[in-house]
Amino acid sequence: MANCERTFIAIKPDGVQRGLVGEIIKRFEQKGFRLVGLKFMQASEDLLKEHYVDLKDRPFFAGLVKYMHSGPVVAMVWEGLNVVKTGRVMLGETNPADSKPGTIRGDFCIQVGRNIIHGSDSVESAEKEIGLWFHPEELVDYTSCAQNWIYE
C-alpha cells in the first residue's frame, strides 16, 4: 500500500483526566487506522524536554513540560495510508478556538493550553517521536482482518 506510514499520537494529561482516551482511540479505529503501539505512562521531564526540544526557546516551554508531567499520558503509534496528514486533520488546529466541529479539539477543547492531544506534524517528526517514546520491540506488526475492507 503506497504512503502507508506511522504517526505518534499522545493523549495529554487533561485528555486522560477527562476520560477521553476511549473516544480518541475509537475515532482512529473507526477511521480505519491500525494501532501498533500503546503505553499508559507518566512521562519523565527528560523525555518531555527531548520531545519538545524545538520549543525550548519559547516562553511557554517550562509550563508545557510541567503540564505534560502533571499526570499520566497515553502514547500511541498508529499506522495507515497518509496517517500523519489525516491524523492532524482529525485532531484539529493547535488552538481549539480555530478547530472545526467534528475534530477532536473542536469537539472537546476550549483553550490552547489544554488541547488534550499531540500528533506528529510530518513523517520525519513521527519517526523521531516514535523512536523517542517506543523501543522497536514495543511496536506490534500484524495484519488486521479489517484491512481488506478498508483498503483496495
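For all residues, glycine too, the Cβ spot is worked out from N, Cα and C.
Among the candidates R18, R27, R105, the residue that Swiss-Prot annotates alongside K12, F60, R88, T94, N115 as binding ATP is R105. Per Swiss-Prot, the phosphoserine annotation among the candidates S99, S122 falls on S122.
Candidate recorded positions: K100, H118, S125. Nearest to R88 (ATP binding site) by Cα distance: H118. Remark: H118 (active site, pros-phosphohistidine intermediate) has F8, I9, A10, K12 as non-local neighbours, by Cβ distance under 8 Å and separation of at least 6 in sequence.
According to DSSP, H118 (active site, pros-phosphohistidine intermediate) sits within a strand segment. Among the recorded positions listed (K100, S122, S125), K100 has its Cα nearest to the Cα of N115 (ATP binding site).
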